[in-house]
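Right, one structure below, let's go through it.
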Amino acid sequence: MAAGLRKRGRAGPAARAMGLCGQWLRRAWQERRLLLLEPRYTLKVAACLCLAEVGITFWVIHRVAYTEIDWKAYMAEVEGVINGTYDYTQLRGDTGPLVYPAGFVYIFMGLYYATGRGTDIRMAQHIFAVLYLATLLLVFLIYHQTCKVPPFVFFFMCCASYRVHSIFVLRLFNDPVAMVLLFLSINLLLAQRWSWGCCCFSLAVSVKMNVLLFAPGLLFLLLRQFGLRGALPKLGICAVLQVVLGLPFLLENPVGYVSRSFDLGRQFLFRWTVNWRFLPEALFLHRAFHLALLTAHLTLLLLFALCRWHRTGESILSLLKDPSKRKFPLQPLTPNQIVSALFTSNFIGICFSRSLHYQFYVWYFHTLPYLLWATPARWLTHLLRLLVLGLIELSWNTYPSTSCSSGALHMCHAVILLQLWLGPQPFPKIIQHSKKAH
């Protein structure tokens, strides 16, 4: 009898745990519609998806063949630095000269040693798998704070993209390293840690300068939050960090370092383009075409800054003033205002990029749900938005790219731009009421 009581007593905690688990599952099943549609459940859905991604990523690493593209070139480039070469014009790999800033060198030097001088590919894949999961975690934290995107969309962001899994763990490109630092920077900005956020932003730029596409949005946010005098120290952090990281190479050959690592006039090969396949190659390579894209890029950025981000009725130059001295004192920036300005700035740059290669997909893949769902136009239903996501994924998975895949990609980009312009704006318009004399 006593033994039976002891047995039931030992089973009690386990039974209670099972009961609580059962209650949670029943509640989750009853609220399954809310779990899929209500943004407040983002973290719960994110936890489930991250657990699923552990298994998916492990399966991809062990079941899908690794493809060598740039990894050996990365290792050869950092090996040159390890051997004492600090002249950037003398550093090169199998695919050409080193064209990334100094932060790339230091991070991939660490990977060089962690993977047995770059020979242990499986170890490198597992490191990039951790990087992929860290990226997802940082992205989910951003979406949790903005509270705009329904959780069912995250299934398509996580499990449905073969190309993104491939970029992270089957190709080992440096683009994911830059993006994880960028998303860390955005999380710090959302936490109002502006100096640390600018520091991480500069670190991301030091890995690959595509992160500069977010810079116009960041500049606008800094000026709006602090004015010119308050923004200068934050911008100084970005600049000083670039100098400190590049100092060994700047001392050796400053012109060579700057011209190689920040080469804005770099020519891309037509064979790899994802977005301009329908153009003749001669036009794709023509400088006039590049200038036209740059003009369109800057014009659209200016239009968004004037008409969609700065809606106080004052001149855009009022952003240079100290916030306390402006005609209309502004409220602190909200998470949606911060994320909207940064993601939109980057997206505009991608729309008018001279060329997009397959690994560049991660530059904006994780921002697409926000761009489509955060400021929805009435005519863009859930089904149409999912169709846009699907067509974008299909375009990036078409290899080699075709005129149709490039055209579909531009069509989807145009739809997103249109709804960003027409949809509700996170920056409210301030209306000045005239006073009547009595």
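In case you wondered, yes, glycine gets a Cβ from its N, Cα and C as well.
According to TrEMBL, the features are:
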type: TRANSMEM; residues: 41-61; note: transmembrane segment
type: TRANSMEM; residues: 98-115; note: transmembrane segment
type: TRANSMEM; residues: 127-146; note: transmembrane segment
type: TRANSMEM; residues: 177-195; note: transmembrane segment
type: TRANSMEM; residues: 201-223; note: transmembrane segment
type: TRANSMEM; residues: 288-307; note: transmembrane segment
Subject >> Stretch with greatest number of CB pairs under 8 Å, the transmembrane segment (127-146) reference, 41-61, 98-115, 177-195, 288-307 candidates >> reply: 41-61
Original post:
What stretch of 98-115, 177-195, 288-307 shows the most Cβ pairs under 8 Å to the transmembrane segment (201-223)?
Top reply: 177-195
Original post:
Excluding the flanking five residues on each side, which residues at least 6 beyond the ends of the transmembrane segment (98-115) place their CB within less than 8 Å of a CB in that stretch?
Top reply: 74-75, 77-82, 88, 91-92, 121, 123-124, 127, 174, 177, 203-209, 242, 245-246, 248-249, 257, 260-263, 266
